[in-house]
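Q: The structure is given below, and queries will be raised subsequently.
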Amino acid sequence: MSVKIEVGAGGIPHNQILIYGLVGSLVLIYLTYLNTYFQTEYFAFFGGLAAVVALLWGTDTIKHLCSYGLGTGVPSAGMIALGSGVVAALFGATTGPFAPIVTIIIAAIIGAVAGLMANAVVRMDIPVMVVSLIELAIVGAMTVLGLAAMACGTFEFLGMITGTVTFLGFTMLTYETSVIGGGIIAVIFMLGAIAIQHPFNACLGPGEQQDRTLMLAAECGFLSMIPVAIISFAFIGAYAALIALVISIIGWLYTYQQYIELSKRDAYAWLDAQPIMEPEEGGA
Amino acid sequence: MEEIVFGIGITALAGALATVAGAAEDTESDIGSQGDPNSQVQLAPQMGYIHRIFNKAVAGEPPAYGLWVALGAGLAWAFMAMQINPILAIVLGSALAVFVQGVYATTAYLGRTASLAKFGQPVYIDILKSMTTVTMAHAFVAIFTTVAMCHLMISALGHPFPLPLLGLVWGIALGAAGSATGNPFYGKERQYQEQKFGAGVPISASGNIVRYAEAGQRNSLDNGFFSAKLGGPASGICFGLIVFFELWRTVVFEELNIWGPIIVGVVVILIFAIIDRYIEVWARKNFGPYTTPEEASS
């Protein structure tokens, strides 16, 4: 299982995407801290943008990892990424303002352990396994932290486990109506896990092109932002959530339309209500 | 006693919802060639068999339905937290989850087909337009019934999990039931009608799926009709029984002993294993080319 197949050669080198993804998602997550600084909620949408950047990087990592003949393993790679990531993100969130940095470190450790297990114990012997799983765990953690920050306006643990409920005119703090207590973290987990594996899973094949796959990754990221923005109406102010929703919808419309254009460019033919075009040498 | 009777009523209602969910789920995934049948639909153009079948591989069905149902439940939960009536909240949540499902379906078809350009497989836009909407409609039924079932478990049976988490668990179970029960009807038999019944898929026949219908060319709506007849109801019974027995054993036997439901669960699994084995042996004896080696070669 360690024969490397070149998929979609060319394009932006992976290390460049790695650096942009890591720095970009870190900076964007820290921009949500402006909420705490200015005591508002309007900057929550930066969390979603951090998730989009992280997903772009994660998609390229999955492409590298899965070029070692892991066809059906593409969705599994997304699951392990977010599975490692959600643990790291929840642990990191307890460390206050240092949360994103601690999250990255913890995710790297979890990813390394998972990678070493896969190579040494399960004996998959894939050269890039350890590095890829470290990257995927960080991507998963940043996605969870970013989308959770988008839903409740902060990446700090206390904000994720307290929600407000209005009862007979009194506002009370409860655990049940929070991001973690209400189970919204499970929705974020699945949104991230499907969004990270979908771009490469959907575009794999001999005609895979990096720009099309990455455009789909951005589209999946913005698409995941839309439900999180709607859920955030339950946690943050209506105007802040509305800003997040509008940004998600604009980003999604743009990337979706670009993705369709790129698919049109790469497709063999773009037909509407036409019969099967049998190949000339006769397949059937 | 009244509590148990009420619990059994809720259990029956949840089982009925689950049956509808399973049937809709399998029909949806078969129209999209998701899960079991997908590898052959994906392979066919590479072997020279250009087809007009929808190919929307979002992920395996369990993770995909884990997302759709968890998303529907999460949005419904958020709407309920905003003081919206639960029924309206579940409808709105399911509708938004179906929107996400539809977008994923279109990008999957476009991506997979565009990457097969080398083999001359064109993108048929009419497939995208007509079949995505049909899968979305079926997905709505599956998501709505499953989220409604999860809401019943919480509000009527007092399940301690929050709605989105319960949605995730039952969504994965729903996808697994449809994937394991209904898909082989389409993936192993209908795609290979030209092969001998029960012969499996020999390597020489890989990718040689049925591409022409009774009249004209087969598309995935034909597979929808087929799935609604066999695979869908089978998946529905499967998922309905899973939900029914899961709740029934807890509702009825928890009062007697805390270990009661666990013991009953093990007994139910054993009974079903015996029934399944009996049906399998009976079917092998009566159908298919592999009863004995001599018959297999004839």
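Any Cβ shown, glycine's included, is placed from N, Cα and C.
Because TrEMBL annotations are produced automatically, they should be read as predictions rather than curated entries.
From a predicted model like this one, the values you see are computed outputs, not experimental measurements.
Copied straight from TrEMBL:
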type	residues	note
TRANSMEM	A:17-36	transmembrane segment
TRANSMEM	A:42-58	transmembrane segment
TRANSMEM	A:70-92	transmembrane segment
TRANSMEM	A:98-118	transmembrane segment
TRANSMEM	A:130-151	transmembrane segment
TRANSMEM	A:157-175	transmembrane segment
TRANSMEM	A:182-202	transmembrane segment
TRANSMEM	A:222-255	transmembrane segment
Q: Between the transmembrane segment (A:182-202) and the transmembrane segment (A:98-118), do 3 or more CB pairs sit under 8 angstroms, pairs being 6 or more residues apart?
A: no
Q: When you scan the chain for residues with a C-beta under 8 Å from the transmembrane segment (A:17-36), skipping those not six or more beyond its ends, what do you find?
A: 42-44, 46-47, 49-51, 53-54, 56-58, 60-61, 97, 100-101, 104, 135, 138-139, 142, 145-146, 149-150, 153-156, 214
Q: Between A:130-151, A:182-202, A:222-255, who has the most Cβ pairs under 8 Å to the transmembrane segment (A:70-92)?
A: A:130-151
Q: Which residues, given as numbers and ranges, are at least 6 beyond the ends of the transmembrane segment (A:130-151) yet have a Cβ under 8 Å from it?
A: 18, 21-22, 25-26, 28-29, 32, 44-51, 54-55, 57-58, 61-62, 64-65, 77, 80-86, 88-90, 92-93, 99-100, 103-104, 106-108, 110-112, 114-116, 118-119, 160, 179, 184-185, 188-189, 191-193, 195-196, 224-225, 228-229, 231-232, 235-236, 244
Q: Could you pull out which residues elsewhere in the chain have a CB under 8 Å from any CB of the transmembrane segment (A:182-202), counting only those six or more residues past its ends?
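A: Non-local partners: 51, 55, 58-59, 62-63, 66, 74-75, 77-79, 81-83, 85-86, 90, 136, 139-140, 143-144, 147-148, 151, 160, 163, 176, 208, 213-214, 216-217, 220-221, 223-224, 227-228, 231.
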